[in-house]
Amino acid sequence: MDPDGDPKWRYAVLACLVSAALMVVALALPRVPLFVARPQDYLSVHLLLELVAVVVSVMVITIAWGSLGKRDLPRANVLIFGFTLVAGTDLAHALVYAGMPSLIVDGSIELSIFFWLAGRSAEALSLLLVAAGARFAGTPVRWLTAAVLLFAGLLLTGVYALPHLPDTYVPGLGVTSFKARIEYVLSAANLLLAGWFFTRYRRESNSRFLWLGLASFVMGVGELAFTNYVEPSDAISLLGHIYKVVGYSCIYRAAFIVAVHDPYALLSRSSERTRAKEQELNRLMQSLPVGVVRLDKRLGVRYSNPAFDRSLLRATSCVDGMPLERLIDSASYRQLLPLLQQALNGERGQLDGGYCTPQGEQRHGHAVVVPDGEGVMAIFTDTTVREQSLRKLELSMRENSDIRLALDAHAIVAFTDARGVITKVNDKFCAISQYARDELIGQTHSLLNSGTHPRAFFAELWRTIAHGEVWNGEVCNRAKDGSLYWVQTTIVPFVGDNGLPEQYIAIRADITKRKQAEAQALHIALHDELTGLPNRRLLTERLLQATRKAVRSGSYGAVLMIDLDNFKEVNDTLGHAQGDALLCQVAGRLQQMVHDVDTVARLGGDEFVLLLEDLGCDLEQVIARVVVRAEQLRQRLGEPCLLSNLQLSVSPSIGVTLFTLNDDQAEELVKQADMAMYRAKDAGRDQVCFFDPAMQTEVLERAMLLRDLRQALDNDEFCLFYQPVVDGQQRILGVEALIRWQHPQLGMVSPATFIPLAEDCGLILSIGQWVLKTACLQLASWAQDPERADWHIAVNVSARQLNQDDFVDQVAAIIDSTGACAARLRMELTESMLQENLPRTISKMRILRQMGIRFSLDDFGTGYSSFSYLQRLPMDQLKIDKSFIDHVLTDANDAAIAGTIVALGRTLGLGVVAEGVETVEQMRFLVDSGCQVFQGYLFGRPVEAAALGRSRQVLAAS
Ligand SMILES: Nc1nc2c(ncn2[C@@H]2O[C@H](COP(=O)(O)O[C@H]3[C@@H](O)[C@H](n4cnc5c(=O)[nH]c(N)nc54)O[C@@H]3COP(=O)(O)O)[C@@H](O)[C@H]2O)c(=O)[nH]1
């Protein structure tokens, strides 16, 4: 213990020092006699002081008697015994004092000193016994009696044996050395006791020892006052008595602390603790989610916590004191009553069941009833939510079992453990996999692995489910017989308490048919229907892959565009079925000539593409290799094909482009090969031509021209030129309308250039309409001119125009709107135009003929026209193609053809026009052959209407 930190200790030390110092000073001073004038006053003071000591002793006895508990009784007996003796001797000391009224014996100083010394000895002995922890067994009465008896013995000793004892006081001289020595011994004993008590205090911090120490010290010091007085009324003696009173007060204080202060402090502390505990308990009760109610033996409410009141929907004040019977519904009370009675008899019990709130709500609860003193305590738990959850759980378990049944009936189900080992399968699983249940259980699904999916596919699957997530996907499995089947698979992991999957359920649906249909659809989407070759879409994909591969490997690849020369004629003359058969044969030949890595595709019509890969990294060798292969192709494709007993040779034009590190766009490569192929065609067909970047310029120019062409009509850049058609006397019978395009930058653009472009992009429809209308306006205008009123105008009609459903209506509307005479309008068609949908074309021609319009068959002789076919057409005129006229004088064949056409026309009752007549000799030959109508530069080039001559004017050439 830290003495500086204990104020009590500091005060005790101070008190000891002061008392000691005071006594030293008092002893050092000369004798101070008191009460000299009135010695009887000292008797009163002495009696008073001694009575204080007696009272304190009695109080100590009383406290010890009444306040110390049973356990401390042996220690209390020590105090009772000691302080009874002290009280008795002190009282005797006071009463037998010299001058006090006689009481049984006459008083004297010696007798008084005898009782004084006996009292001090008893007092020192008592304190010593206390210090030694002495315990006197037995009842307090016994020890009180013992003390009284001992006191009686002392009393008798004092009265009868005093003369035989050594002197303690000599009047006029004061205390004897015998008494002084006894006092010193008593003083020393007290001071030793003080030291012992202080030590105990320092060790145990028990104030009782502090006060006892202080008492012993003060009394020990006070004892010295009685060693050298002369008269008992001397100041020093009085001081000694005061020390004694102070010492006794300290003893009382110690006894008070032990018997009253400490127990009360303890009691107060324990009450505090009890109160705190009660508050805590109360708070606990307030916040408890379970209802607690304490009932008296008549089952009236003594206490109820808020949860109980809430469950009844009542305030606590309304519940207190009320019989339980009136608080809960009668059915519940009837159920509870046996339990309550059982608890009143000391037995606990519990009950689980439904009850009804005052509002009529049906709830569920659990009650535990326990004995509680004279009454009972009931603890109610509202288990409605738990019950509802249980019901739901039951329901969901029932549903789960329904779902399981449904699953079993409709899905392919398998259970596996966490490692994927099959633990359970349903019948459908066995059926689709063709394995028996025994063969599957204990195996993993790798038994069914079809090798369709890469390892990464299954790695991803496992990654997903091992994380406790559901995996969905389509899997191709292999059945026991080796056949493949597809299943839409959902794998659901069942996660355990440790958060890791413990087992998996795999639910599958057979999607084999759907996958087959998809594969078929994909095949159709990516392949040409006629030849079964990859189509443009698949080619584009393969090209993309090939170019990427080429970039990676540095190896060259090549794209070969193959177009059949004159295939159109095959179609036109032999029909589409034969054309298709030819295409199939070409496709077959191509496939025979490529390697596994290569791709043969058909883009449409007679266009095929060959994609060659892995041609090597040396450009020269690559070119040499490609040239060889392209030549082989050209030769093989040029070999005759057998089509329904007809041998036919169709040469190919092949355009080639190479690709390597430049990751050219797939479409760009096809375009390049296409350009090269056109170059091959331009170069005379049946050729192999490599792509040259200059070709791109051509394509670009074409694109620019097309752009301008789209605006030409709006910009009024077209005009019609007219070329005279004359008779044998070179009189103008009519004209052929030929379109001209006055391009703002390029000047006059030939129709041979832009008409094919317009055909390709569909602009020919609006251009054709413009031509027809302009020609009709011209006819209407000439109708007013007697010189030209009977001229006809021949208009070139394109296939796309003629094939329009409303072509007839369009023509009729133009004739109506322009006021032209339909009989003066002539339409020039080519043989190739008439191949498609011939009956429909004929019907349109017939309607137009009924309107008065006449038809000429242009470029006649260049196609495969048959006699029967010609007969069916509602034609009026044949035009011998310029190519025959050109060589009519030099080539016997062309001369024969020209002559035949004239004869044919006559036979069929058709007019014949020879076009492209440039020389008088040509004309003469034609006249000699029977031809009567002519057209050509010999009679006039195409010119504007205003520049035409007059109808009866004989042209300059004649
Ligand atoms: N659908 C349409 N086609 C049209 C139209 N206008 C013209 N064309 C077709 O364009 C091709 C080229 O026509 P063009 O350059 O006008 O050439 C014609 C005559 O100028 C030319 N011709 C006539 N006589 C001679 C000759 O003695 N020598 C010679 N070198 N050329 C001559 O022949 C072309 C007429 O041919 P055709 O139509 O077959 O009678 C051409 O195919 C036109 O058909 C149009 O409005 N619509």
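Note that Cβ sites are derived from N, Cα and C of the backbone, with glycine treated the same way.
Those TrEMBL annotations? Automatic predictions, nothing curated.
The domain 'PAS' annotation in TrEMBL covers 399-454. According to TrEMBL, the domain 'PAC' annotation covers 471-523. Annotation source TrEMBL lists domain 'GGDEF' at 555-693. The domain 'EAL' annotation in TrEMBL covers 702-956. According to TrEMBL, the feature transmembrane segment maps to 12-30, 42-66, 78-99, 111-131, 143-162, 182-198, 210-230.
Non-local neighbours of the transmembrane segment (210-230) in the same chain are 8-9, 12, 15-16, 19-20, 23, 26-27, 31, 33, 116, 120, 123, 127, 130-131, 172-175, 179-180, 183-184, 186-191, 193-198, 200-201, 236-237, 239-244, 246-251, 253-254, 257; each lies 6+ residues outside the stretch with a CB under 8 Å from one of its CB atoms. The highest tally of CB pairs under 8 A with the domain 'GGDEF' (555-693), across 399-454, 471-523, 702-956, is held by 702-956. Here the transmembrane segment (111-131) has Cβ contacts under 8 Å with residues 75, 78-79, 81-83, 85-86, 89-90, 92-94, 96-98, 105, 154, 157-159, 162, 165, 168-169, 175, 179, 182-183, 186, 189-190, 193, 196-197, 200, 212, 215-216, 219, 223, 226, 232, 251 of the same chain, all six or more residues outside its ends. Per-residue confidence over the domain 'PAS' (399-454) averages out at a pLDDT of 90.
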